[in-house]
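Visitor: Supplied in structure tokens, the structure appears directly below.
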Amino acid sequence: MSTILESLPTGQKVGIAFSGGLDTSAALHWMRLKGAVPYAYTANLGQPDEDDYDSIPRRATEYGAEGARLIDCRAQLVAEGIAALQSGAFHISTAGVTYFNTTPIGRAVTGTMLVAAMKEDGVNIWGDGSTYKGNDIERFYRYGLLVNPDLKIYKPWLDQTFIDELGGRAEMSEFMRQSGFAYKMSAEKAYSTDSNLLGATHEAKDLESLESGIKIVNPIMGVAFWRDDVQIAKEEVTVRFEEGQPVALNGKTFPNAVELLLEANRIGGRHGLGMSDQIENRIIEAKSRGIYEAPGLALLFAAYERLVTGIHNEDTIEQYRESGRRLGRLLYQGRWFDPQAIMLRETAQRWVARAITGEVTLELRRGNDYSILSTKSPNLTYQPERLSMEKVASTFSPRDRIGQLTMRNLDITDTRDKLRVYSQVGLLAPGEASALPQIKGDKE
């Protein structure tokens with residue numbers, strides 16, 4: 001039997017992830033009028049553009065919800081965000097500027113916690129506002145079924161009857177007005193925004209055109225650093241980690257990780273740190289474009305990676321980064337709690353993050369322009385005296401280096417022989433301007 005319901009299950013409990021926006025408000029009221037028994041579940045993810053969470057369940061009840069609950073997901077969201085940071089679970093970047101997978105992390109938390117709450121209420125049918133072309137429909141599907149194997153999925157936006165009756169925002173707004181609700185449709189923006197405490201995503205509409213840039217976006221977690229009239233003073237900030245956990249900013253500790261990240265957001269946001277413009281591949285392999293904000297995570301990650309490079313050896317760092325890219329893709333695909341993701345994540349947390357203790361001081365300027373001013377850690381393996389150009393006691397002598405270089409003759413000879421073979425069979429034919437050695441067919 002299919003887990004996807006294409007028509008409204010009348011007379012049954014239907015849970016809906018309720019944001020309080022026009023789409024979910026109209027869908028909830030429509031479901032009630034059509035004979036379903038809707039239950040509304042709202043995730044408090046610390047969205048920077050939401051200032052009245054307590055009113056959302058009340059509105060859901062007014063629109064016809066049989067029950068409405070507000071689920072505080074902030075602690076879990078920050079915990080998963082720090083886990084992603086510790087394991088470098090970020091696979092999308094452009095010219096070294098990173099997208100911190102803030103929406104996929106939010107979906108992992110929302111999908112599991114809301115369905116768990118529904119299960120407590122005996123609600124085994126779930127709907128949300130994700131569209132069939134996006135990533136979220138698959139993410140929510142996977143996380144929901146992981147928590148509740150008996151779950152059925154009903155999405156009004158996949159129901160042709162709903163689409164025919166309320167297919168657009170104008171129709172939804174008129175439907176709510178005719179139902180007696182003073183619902184005023186908000187002004188249409190040039191793009192769509194989704195956010196949580198970790199970061200914000202701006203996409204769709206005008207941003208679908210690559211001719212439209214970051215300058216049309218109004219940041220909600222930071223400042224428009226590209227504007228000449230925005231004054232941004234440079235600022236020094238010190239980040240302290242203990243065993244992979246961020247614990248202090250500028251010497252100040254916090255009662256919990258949520259409060260620390262909020263302060264990191266404020267500091268990074270003052271500079272527009274962590275904003276990026278990315279072209280990415282959705283789960284269905286179609287390319288999309290997003291402009292992202294993540295000021296707090298960007299600040300913490302800059303300090304964390306500095307300590308990683310000062311503490312761990314080259315092979316460990318290489319493994320951390322390769323595994324992080326793979327883990328980031330799993331996270332993006334809605335597989336954050338799959339066994340292969342847990343293995344990669346916990347390996348990094350144990351063998352990389354646990355050694356990360358120390359302080360990094362940065363100077364923040366505009367956007368992603370910053371400098372590292374100081375790095376301190378009791379675990380540093382960076383020892384400048386080993387390679388000092390001054391006359392100091394050395395761990396190896398010039399004669400030692402002569403011997404080491406002499407041993408390289410073996411692989412240099414092997415490389416030269418291979419290049420000669422490639423040249424003979426026509427695989428190697430560099431032009432005159434090439435720096436590649438002109439290996440001839442005959443030995444010299």
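Placement of Cβ uses the backbone N, Cα and C atoms for every residue, glycine included.
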Visitor: Among Ala43, Ala116, Ala117, Ala182, which residue shares the ATP site with Ala17, Phe18, Ser19, Gly20, Gly21, Leu22, Asp23, Thr24, Ser25, Gly129, Thr131, Asp136, Asp194 according to Swiss-Prot?
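Guide: The candidate from Ala43, Ala116, Ala117, Ala182 that Swiss-Prot ties to ATP along with Ala17, Phe18, Ser19, Gly20, Gly21, Leu22, Asp23, Thr24, Ser25, Gly129, Thr131, Asp136, Asp194 is Ala43.
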Visitor: In Swiss-Prot, the residues Asn135, Arg139, Ser192, Thr201, Glu203, Glu280 are said to bind L-citrulline. Which of Tyr63, Tyr99, Tyr320 is said to bind at that same site?
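Guide: For the L-citrulline site that includes Asn135, Arg139, Ser192, Thr201, Glu203, Glu280, Swiss-Prot also lists Tyr99.
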Visitor: Let me make sure I understand the span of the ATP site: among Ala17, Phe18, Ser19, Gly20, Gly21, Leu22, Asp23, Thr24, Ser25, Ala43, Gly129, Thr131, Asp136, Asp194, what is the greatest distance between any two Cα atoms, in Å?
Guide: 19
Visitor: Relative to the Cβ position of Ala17 (ATP binding site), how many further Cβ atoms are located within 10 Å?
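Guide: I count 23 other Cβ atoms within 10 Å of it.
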Visitor: How many angstrom lie between the most widely spaced Cα atoms of the L-citrulline binders Tyr99, Asn135, Arg139, Ser192, Thr201, Glu203, Glu280?
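Guide: So the maximum pairwise Cα distance among the L-citrulline binders is 19 Å.
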Visitor: Given Asp136 (ATP binding site) and Thr201 (L-citrulline binding site), what distance in Å do their CA atoms have, once rounded to a whole number?
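Guide: Distance between the two Cα atoms comes out at 13 Å.
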Visitor: What count of other C-beta atoms do you get within 10 angstroms of the C-beta of Asn135 (L-citrulline binding site), across all chains shown?
Guide: 20
Visitor: What whole-number Å value do you get for the CA-CA distance of Gly129 (ATP binding site) and Asn135 (L-citrulline binding site)?
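Guide: On Cα coordinates alone, these residues lie 12 Å apart.
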Visitor: Whole-number Å distance between the CA of Arg139 (L-citrulline binding site) and the CA of Thr131 (L-aspartate binding site)?
Guide: 12
